[in-house]
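Taken straight from TrEMBL:
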| type | residues | note |
| --- | --- | --- |
| DOMAIN | A:1-109 | domain 'CMP/dCMP-type deaminase' |
| BINDING | A:HIS51, A:CYS81, A:CYS84 | Zn(2+) binding site |
| ACT_SITE | A:GLU53 | active site, proton donor |
There are 2 protein chains.
Amino acid sequence: MDEYYMNLAIEEAKKAATIGEVPIGAIIVHKNEVIARGYNLRETTQNATTHAELLAIQEACAKIGSWRLEETTLYVTLEPCPMCAGAILQSRIPRVVYGARDLKAGCVDSLYTLLNDNRFNHVCEVTEGVLAETCGNLLTTFFRELRMKKKNQKRQEL
Amino acid sequence: MDEYYMNLAIEEAKKAATIGEVPIGAIIVHKNEVIARGYNLRETTQNATTHAELLAIQEACAKIGSWRLEETTLYVTLEPCPMCAGAILQSRIPRVVYGARDLKAGCVDSLYTLLNDNRFNHVCEVTEGVLAETCGNLLTTFFRELRMKKKNQKRQEL
């Protein structure tokens, strides 16, 4: 079931890639129903907070009508950053499933384990590595193509 | 000058208190101009992400037209939580000034020092303790009054 939902998060990530955004996608499931979706929109919106997870959390709060997202699972293609890990704690999401690790900024396993610190008033169950290769490949392909585009642009400018 | 701007953040926090929200306020200054204001709206909006800092950051991005909040200072009455500290990193705010420490969830000095970790792609200058007593008193008074209200309610119910 985790793979099924992660595939939906991957679909969101692909939407980001088609508009030139770093491909990261998220969905939130509440009692077996997908109640929110989000993909990274930082460049489009020029708003630093429009990460996939944050957008999905905001939509889920609106759907449920509560800042407490009880009985939900958040699926996201990349390990959450400090802002999104913090938003997961703030919204009391009980379970997070992510795909690829983010060794540079991940705050669930890589740099910090913010979702598993019992000094906070919420601790979150985490499953990592679901369709990790597919999730990671989306990112490496995106950045490879971006580098190629920039190279070609430079060549045309010479 | 820090005290002058912190007083404006305190004014925001007071607005929160008047509508029953935990009194935390923030402002963002860009080249000596206040470009964004925010106060905690979690209960009113039933949205877990509507902390003072996040609202101010979103407004500042819209004002400047960029997710990079260069040459800004964020003033906030309470030490930021992980979500807001993360949003400060994401928006590349160069300087943060806060009032009271948050020993339970603060991620700038108390539980973590997220704004001063050079593994992230941004490090932030921090000044703490500006009008700390006033900022802290706002919170202790708010929670004391809340407890009294609840006690009185219980008495009336008996």
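Yeah, the Cβs are placed from backbone N, Cα and C, and that goes for glycine too.
All annotation found in TrEMBL is predicted automatically rather than curated by experts.
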#### Entry: the residue listed as 'active site, proton donor' - helix vs strand vs coil (DSSP)
helix
### Summary
Note: in the chain of A:GLU53 (active site, proton donor), residues six or more apart in sequence with C-beta under 8 angstroms of its C-beta are A:ALA26, A:GLY38, A:LEU74, A:VAL76, A:PRO80, A:CYS84, A:ALA87, A:ILE88
### Task
Could you please provide the mean pLDDT value for the domain 'CMP/dCMP-type deaminase' (A:1-109)?
98
#### Entry: Most crowded position, judged by CB atoms within 10 A, among A:CYS81, A:CYS84 as binding-site residues
A:CYS84
### Query
If you run the three-state DSSP split on A:CYS81 (Zn(2+) binding site), which class comes out?
coil
### Query
Relative to the Cβ position of A:HIS51 (Zn(2+) binding site), how many further Cβ atoms are located within 10 Å?
28
